Amino acid sequence: MSNKIKSILWVMLFLISGVFLSCFPYSTANFVKENNNLLADSEIKGQSSVVNTSSPELITKDSSYVLLNPQNKQILNEYQGDIKRAPASTTKLLTGLIAVKDLKETELVRVGREVEVEGSRLGLKPGDEISVHDLLTALYVQSANDAAAAIAVKVSGSIPAFAVEMNNYALSLGCLNSNFRNPHGLPEPGHYTTAEDLSKIAGAFLKQANLMKFVKETSAAVRWRDSKGQNHSALLKNTNSLLGVYPGDQGLKTGTTTEAGQCLISYVCRPDGELLLILLGSKQRYSDSIKLLDEGWADQRINAAIRNLSNDQRDFFFSPGLF
């Protein structure tokens, strides 16, 4: 066998086996098989590509997503990333970024009527007193809307004033296609963002260890005191069903409303790299996310294998007319 043929076979084997071995332990098929109770979504089949800007089969039609490497900000996969959409509770990433800038976790907050909101709630009532730490816990573990409202009023004095601060902060991150009207993401005219803008907000969030500790918790306890001095506590379960189940998942944020659909921002960190996925408007967010993340790991491994080739090997393997 000639040296040329040996080189071709060696490189092909290196690339194919590297991708296969890196993805096999985390394959979508195995994950769904072992977690049928978690994923009440349709069967997952898919294709892998280094960059894919067309809608892949069985990813929710009309969803938007951006998949990137947060270390170098390289976009690996994107579809309708610049489309303005309702973000639901993924809004709360921005809420927390402002909270830790302006508040200390040990501060106590006496809440008012702002906590009388709809949707997911901790159950706070006007006059209750709770720490910023426990508000952030409820915000990210339970996705509590009353916690978001309490933070907003504590920081800015009112929800509208906090929305101004949200938009200023988002603009400082380079978010040019977003407008936020509230701290929790409940439907409101003029409250929108894009997957691309959320990737910038999520990227800033990843740098905040004092926030990441909350989104990594599968469950957590919180305590507060009512206006009569009665102590209350609750054990909260994280709304993110991939956390602690999908290998390397470090959490971030779920979001669901009728208008927004199912949203999920996922950060996955493994010894061989990191991925950040922003998915908006899905009908099957967990299976959609797993499919996109699995493809992302395969793409990362291919790119790493190519980078590790010597210049001679790269020139040889990708030379015109090789095959």
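Keep in mind that glycine also has a Cβ here, set from the backbone N, Cα and C atoms.
Under a cutoff of 8 A between CB atoms, and with a sequence separation of 6+ in the same chain, the neighbours of Ser89 (active site, acyl-ester intermediate) are Ser120, Ser143, Asn145, His184, Gly185, Lys253, Thr254, Gly255, Thr256, Cys263. Look at TrEMBL and you will find Ser89 tagged as active site, acyl-ester intermediate.
Annotation source TrEMBL lists active site, proton acceptor at Lys92. The secondary structure of Lys92 (active site, proton acceptor), as reduced to three states from DSSP, is helical.
When Cβ atoms from all protein chains are considered, those within 10 Å of Ser143 (active site) total 27, not counting its own. What TrEMBL records for Ser143 is active site.
Under the DSSP three-state reduction, Lys253 (substrate binding site) is assigned to strand. The substrate binding site annotation in TrEMBL covers Lys253.
Taken from TrEMBL, the feature domain 'Peptidase S11 D-alanyl-D-alanine carboxypeptidase A N-terminal' covers 61-282.
Taking the Cβ of Lys92 (active site, proton acceptor) as reference, residues of its chain lying under 8 Å away and at least six apart in sequence are, in sequence order, Leu139, Tyr140, Ser143, Ala148, Pro183, His184, Gly185, Lys253.
Packing around Lys253 (substrate binding site) is summarised by its Cβ count: 29 other Cβ atoms lie within 10 angstroms of its Cβ, all protein chains included.
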